[in-house]
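Input: a single structure, listed below in structure tokens.
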Amino acid sequence: MKVKVKHLQRFFSSDASGGIVLIIAAALAMVMANTSVTSGLYHSFLETPVQLRVGALEINKNMLLWINDALMAVFFLLIGLEVKRELIQGSLASRRQAVFPVIAALGGMIVPALVYLAFNAQDPVAREGWAIPAATDIAFALGVLALLGSRVPTALKIFLMALAIIDDLGAIVIIALFYTHDLSMLSLGVAAAAIAVLMALNLSGVRRTGIYILVGAVLWTAVLKSGVHATLAGVIVGFMIPLEEKHGKSPAKALEHVLHPWVAFMILPLFAFANAGVSLQGVTLAGLTSLLPLGIMAGLFIGKPLGISLFCWLALKLKWASLPEGTTCKQIMAVGILCGIGFTMSIFIATLAFGSVDPALINWAKLGILIGSVLSAVVGYLILRQRVTDTRLAV
């Protein structure tokens with residue numbers, strides 16, 4: 001018994017364990033969603049209504065939306081804390097290093113959209129899905145990266161985090177501008193006021209994390225009610241919590257330490273389980289001949305790494321930015337392939353683009369997203385494994 005416990009402790013303490021659990025959860029979801037015996041149970045779980053009421057405020061969501069909007073806000077809170085630490089004390093501390101993932105993210109959004117339009121520009125309906133391959137699923141991309149464990153340079157992981165956050169922010173802006181028609185200006189005003197309070201707390205030197213979380217809950221609720229993706233609130237709160245150490249304690253680092261195991265072994269696996277169960281009913285290989293899925297596949301698998309690599313090369317050539325310390329151009333290119341994992345964010349944009357037009361288009365889009373994302377995950381992992389191994393051997 002002691003030996004089994006020791007093996008479990010060793011597994012959960014390894015850097016790769018979170019990625020393994022996430023992949024298992026995603027595989028289980030795919031099997032359950034596409035098996036007649038379990039598909040009903042799977043979808044019933046996701047559609048379970050959950051109600052939260054505080055005074056006159058009432059939020060009614062199903063389990064899927066609570067996982068995606070609430071639990072994933074905690075994940076983005078952790079990402080915000082980690083990126084802030086690296087911007088101030090770590091691999092993104094210099095201006096040229098900090099601007100590098102910003103430029104990479106721009107390339108990773110612009111080029112995939114252009115590749116998609118190269119296939120679908122002539123079709124006015126399909127053209128509406130131009131933003132589908134511009135998105136990156138940060139949770140799955142980091143999950144695949146985690147499979148490589150401690151072999152991955154910290155700076156490379158932070159680069160992917162920063163790039164994916166900017167990519168996600170870009171996707172949120174795109175959704176708000178092009179796919180959302182009922183934004184609540186009142187809720188956005190409340191959100192702006194909550195951000196102002198968070199900034200005031202930070203500038204006043206308030207170090208009690210609980211106060212930031214409380215105001216953050218108000219911010220999350222306001223963003224949710226506004227029609228904008230609520231996970232944005234997590235990133236903002238993460239950037240507002242003080243990092244500076246006093247008496248040997250840093251509020252941001254302490255919270256980061258507490259959140260890590262919960263995010264790795266509960267929140268991300270739940271997210272994977274809730275979102276990876278893509279039903280393949282109605283999806284046929286004949287659909288692969290359609291320009292819609294071909295454009296998405298090409299955008300994710302070719303456009304993403306091409307855009308990121310091209311913009312990074314230009315930034316380095318023009319001396320606008322510099323590589324994160326301890327990384328190589330080949331590793332950056334491999335990370336660019338991983339960013340082709342569009343998955344949940346791409347599916348979300350596809351439902352917004354085609355949901356009111358034709359359900360068949362959503363099925364075709366899902367086919368392109370699934371194949372493009374799987375190709376990006378497998379090829380990106382294999383190439384990156386070789387690149388980090390080569391670097392370690394050279395040292």
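Residue positions begin at 1 at the first shown residue.
Yeah, the Cβs are placed from backbone N, Cα and C, and that goes for glycine too.
Annotation source Swiss-Prot lists transmembrane segment at 11-31, 63-83, 99-119, 129-149, 158-178, 183-203, 223-243, 258-278, 282-302, 332-352, 364-384.
Only sequence-distant pairs (6 or more apart) were considered; of these, fewer than three Cβ pairs between the transmembrane segment (223-243) and the transmembrane segment (129-149) are under 8 A, so the stretches are not in contact.
Here the transmembrane segment (364-384) has Cβ contacts under 8 Å with residues 129, 132-133, 137, 140, 144-145, 147-148, 152, 278, 283, 287-288, 290, 292-301, 304, 331, 333-335, 337-343, 346-347, 350, 353-354 of the same chain, all six or more residues outside its ends.
Long-range neighbours of the transmembrane segment (183-203) within the same chain, counting only residues 6 or more positions beyond its ends whose Cβ lies under 8 Å from a Cβ of the stretch, are 176, 211-212, 215-216, 218-219, 222-223, 225-228, 233, 236-237, 240-242. Listed stretches 129-149, 158-178, 332-352 were compared with the transmembrane segment (99-119); the greatest number of C-beta pairs under 8 angstroms is found for 158-178. Non-local neighbours of the transmembrane segment (158-178) in the same chain are 76, 79-80, 82-83, 86, 90-92, 100-102, 104-105, 108-109, 131, 134-136, 138, 141-142, 145, 227-229, 231-232, 235, 308, 324, 327, 332, 335, 338-339, 345, 348-349, 352; each lies 6+ residues outside the stretch with a CB under 8 Å from one of its CB atoms.
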